[in-house]
Each structure stands twice: as structure tokens, then as C-alpha cells.
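Taken from Swiss-Prot, the feature domain 'G-alpha' applies to 32-356, supported by sequence analysis. What Swiss-Prot records for S47, T183 is Mg(2+) binding site, and it gives similarity to another entry as the kind of evidence. The region 'G2 motif' annotation in Swiss-Prot covers 175-183 and rests on sequence analysis. The region 'G3 motif' annotation in Swiss-Prot covers 198-207, and the record cites sequence analysis as its basis. According to Swiss-Prot, the feature region 'G5 motif' maps to 326-331, an assignment based on sequence analysis.
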Amino acid sequence: MGSCQSNENSEGNARNKEIEKQLNADKRAGSSIVKLLLLGAGECGKSTVLKQMQILHSNGFTEEEVNEKRAIVYNNTVSAMCTILRAMDGVLHLPLENGQKEAEKAIVMKVQENGEEGEALTEEVSRAIQSLWADPGVKKAFEMRSEYQLPDSAKYFLDNCQRISEPGYRPNDQDILYSRVATTGVVEVKFKIKELDFRVFDVGGQRSERRKWIHCFDNVESIIFITAISEYDQVLFEDETTNRMIESMQLFNSICNSTWFLSTAMILFMNKKDLFMEKIQRVNITTAFPDYEGGQNYEEAVAFIKQKFAELNLNPDKKTIYMHETCATDTNQVQLVISSVIDTIIQKNLQKAGMM
């Protein structure tokens, strides 16, 4: 993404410093603002949940934000195809079924080689991506995606390539929800509900990012921990020897039982339930949990994973874990879950204030 990425990084650094400054000021002032912290391992869907909150409670996206996301959508679309093509060559050793499409492969790969994947898709590039996406060899490589690192949004953007490449394209809310750029530092959304001011923070999910920020949030009202239950057969982007589900459970364990968060409510979003529902029919969760003896179906497998997370809570008498199965890209479903979460928080605040 070239200069687009570097500009985002510099702007992000300035924003991170401002947020940290405000957090420290809030702490000194003993602020009554309701602070929620989104945590989870990389690519679990935290940023998507935060964007949903922005759509539902914070007047959506500004024109400037929409323009920024346009470049990210272009990038995600080109990168998705390039990632599949590279995996076909280097990991899967799969050829294109139609050898005549090698020229189209070269067209798409050249966009990334030139650092132009954040630019508007030309008609030539769009046609090449759509043609490659229809190739049975590419489809087979997509089905084998757990063997390499491919974002969950790849299918969405490749399916929508023609629309995305149209002149005057403007990302809609769904495009923005699916768009993906790794969170570095802290991203914040503010909104007001029933006279309460909410501040929600998304902390970068990769290991290095988490270490930088966790100490800043010892006074948050609740932690929304997000785990991608569909990733039980995948490894980390930053460590390809570690199973993503196991990493998520280890992180949950450290947060749930941390001295920083002894009195903080824990809300667990078991995210990507739609992908889990599809995958469980093909891949058993014994991949991550050899002790699982239940059926290869959604209900039994999810119940088992819930129990695994519940067992990590070392203080169940004092700390309740509220669990929700979610699909972060489904606005209607997320709205119901977030409303339930916010109602719970409001009730707790009223109890603290002695009004219940």
C-alpha cells in the first residue's frame, strides 16, 4: 500500500499518544466515563466489532474515513488474489487449471510488485482478478486456505471485485466492515447511551502490540474479549508454530486472571460463528482439542469450547464471564449482542450508584 500505509502509521502514532494522554488524565481525575476494552489475538474481529459500534452508535463513518477505507478495500482485493497465487506456487504447488491465465496472473502480481495495490482497480486488473477467481485451480487453493495465511475477508472482496472496480466506487458499510488493516496501538470510538458516555478501545492484537498497552487499562468497566472460534485449525500470522485458538485461550487466561483486571467484568464474544458452522462439517476441533469426544456439529463443539474458556477463570465465585456467539460482520446480530452488553453495563452502573 506504499505511502498510504506510511501516512496511516504516522497519523496513528499521533492518535495513540493523544489517547494515552487522555487515559492518564481520566485515571487521575477518577472519571466516571464507562470505558470498554476490546481484546483478542490478531485477526479475531476486534476492529470489525469496533466499526459496528461506530455504525450503530456513533453516526457511522465520515467522508474522510470512507475515502481512507477505499484504498484499503482496493488493497485487500488485490492482496487476496496475490496471496492465493503465491500460496499456489510456494506452499500448495498447485498450477492454474487454465494455463492461458498466466498472463492475467502476471498482471495482478505486477500491481503488488509496484506497490500500487491501494490504487483504484483498472479494468484490466479487475478482469484479470475475476478471471483468476473463476479458475478451478484458484478455487482449490482457496479451499486449502488453512495451510497458509489468507484473511477471512478474501472471498468477500474477490466476489465483489467487479462492483469495487466501477468508476466512482464508494465503499458501503459492509465493505468497510470486511476491510482489514492490522491495528497498531489503540483505536477509540466514543458514544453516548442513556446519559452514559462510553469510550471503547481496540488494542492491537499481535503480541508486540498487546505488551505496549495493557497497563494503561486497569480502570476499565468491562473487557470484551473476542476469540475467532473458526480458527481452531490455523496458526498465527506472527508465529506459524502456534495454533490460533490455543493462543487465544492463553491470552484470555492471562487477562481474565490478571491483577490489573480482578474486578473487571469479562464479556466473551465467540466470533466468526458463521465460518465455524461451515468449517466444523469438514474439520474436527480435535485439531486444537485432542480431548474432544463430541460430535462434529456446531452445538456440541461450541459448548465444548465455551466450557474450555470457562475453566480458565480461576475466580468463578467473584468473576462472571458473559458469553455470546457472534458474527461481527452481521450488523443486525451484533446490534442485539451489543445492546445486551450495554444493558448489563448500565444495570451495573445503576447498582454501583445505589439506584437499584
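Each Cβ is built from the backbone N, Cα and C atoms, and glycine gets one as well.
Mean model confidence for the region 'G2 motif' (175-183) is a pLDDT of 90. Counting other Cβ atoms within 10 Å of each Cβ, the binding-site residues S47, T183 show the lowest value at T183. Assigned with DSSP, the residues of the region 'G5 motif' (326-331) fall into helix, strand and coil as follows: 1 helix, 0 strand, 5 coil. For the region 'G2 motif' (175-183), the DSSP-based tally of helix, strand and coil residues reads 4 helix, 0 strand, 5 coil.
DSSP assigns S47 (Mg(2+) binding site) to a helix.
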